[in-house]
Amino acid sequence: MTPRAIICLAGPTAAGKSASTLALAQRWPLEIINVDSATIYRGMDIGTAKPSAAERAQVPQHLLDIRDPAQSYSAAKFRADALRLIAEIHARGRIPLLAGGTMLYYKALREGLDDLPQADPALRAELEARAARLGWPALHAELALLDPATAARLSPNDSQRIQRALEICRLAGQPMSALLQGERRGDAPSPYRYVTLSLEPSERAALHARIAQRFDAMLAAGLVEEVRGLHARPDLHPGLPSVRCVGYRQMWSYLDGDIDLDTAREQGVAATRQLAKRQLTWLRAQPERVIIDCLAGDAVARTVDAMARALPD
């Protein structure tokens, strides 16, 4: 029996996923499962480009505003939530659409998860303190000695991934790259096949321009004030996944007095471009990928046509 197809609308940041999602919802009885590790947080709306109240009124949306910024959320939890929601949406006679750009979540849903050790808050605090003294490039050099394969694919300033790789080395007693080559953990195989409608730019420079324009629009909409509200909370700090989100960590550094606003803006745009590059690298390796030029004037119409072809009769 052929597994039931689940449609994923994916693409790099600023590719226009939200506009396409709303157009699809006008044609089919959809419910959206958001695949985004930032929009899960309450009070983080501007910098995450979270759907507005008006947009949410047009189509049911799941996995938005489900965590306080002080709380954690994992790929394993997303997988469990998404599989539950897919079944519930099917039971209502509606169509689930996975939409977003957190590629680790898609990977977890499709393939299950590797048996890696859980995060250790004390160890993370120790690594962050060392990074504050020495800089992340120094910790990247340390990682290169412990796990050369992982270090080779990470930027010396990729703080989140360097921290996680060092954490795994310490907790597991072996490199993350070795663990990733080992046995998968006991997740049941996904009962579905996944078809990815992939919004990708035909010109990188044009996407970069979009990213800069969008970041400036977020600043104009009040991003600094949004982050200021988070910054005032004593329970939030730069080590949390919420604060490490692109845009938020740069504004946090500005509010800490470490950099000026122009530098924070430049760093935020650069970090968003790097995120888009990683997203595109992952997308290009996906099976059953239908490419749609997100820069085309009729990109939304093309997405609707691709959805019509991808859905089972």
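Backbone N, Cα and C define each Cβ position, glycine as well.
Here's what Swiss-Prot has on this protein:
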BINDING   Gly11, Pro12, Thr13, Ala14, Ala15, Gly16, Lys17, Ser18  ATP binding site
BINDING   Thr13, Ala14, Ala15, Gly16, Lys17, Ser18  substrate binding site
REGION    36-39  region 'Interaction with substrate tRNA'
REGION    160-164  region 'Interaction with substrate tRNA'
REGION    244-249  region 'Interaction with substrate tRNA'
SITE      Thr102  site 'Interaction with substrate tRNA'
SITE      Arg124  site 'Interaction with substrate tRNA'
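Feature annotations (Swiss-Prot) mapped to structure.
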| residue | record | DSSP class |
| --- | --- | --- |
| Gly11 | ATP binding site | coil |
| Gly16 | ATP binding site | coil |
| Thr102 | site 'Interaction with substrate tRNA' | coil |
| Arg124 | site 'Interaction with substrate tRNA' | helix |
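Cα-Cα distance from Gly16 (ATP binding site) to Thr102 (site 'Interaction with substrate tRNA'): 15 Å (rounded to the nearest whole number). Taking only the Cα positions, the spacing between Ala15 (ATP binding site) and Arg124 (site 'Interaction with substrate tRNA') is 33 angstrom. Remote same-chain residues near the region 'Interaction with substrate tRNA' (160-164) are listed as 119, 124, 127-128, 131, 136, 139-140, 143, 151, 154, 176, 241, 244 (criterion: CB distance under 8 Å, separation of at least six residues from the stretch ends). Distance noted between the C-alpha atoms of Thr102 (site 'Interaction with substrate tRNA') and Pro12 (ATP binding site) is 9 Å. If you look at the region 'Interaction with substrate tRNA' (244-249), the same-chain residues 6 or more away from its ends with a CB under 8 A from one of its CBs are 13, 37-38, 41, 44, 47-48, 159-160, 215, 218, 223, 227, 230, 238, 268, 271-272, 275.
Taking the mean position of the Cβ atoms of Thr13, Ala14, Ala15, Gly16, Lys17, Ser18 as the substrate site, the remaining same-chain residues with a Cβ inside 8 Å of that point are Gly11, Pro12, Ala19, Ala49, Gly101, Leu199, Cys294. Other residues of the same chain near the ATP site, with their Cβ within 8 Å of the Cβ centroid of Gly11, Pro12, Thr13, Ala14, Ala15, Gly16, Lys17, Ser18, are Gly101, Leu199, Cys294.
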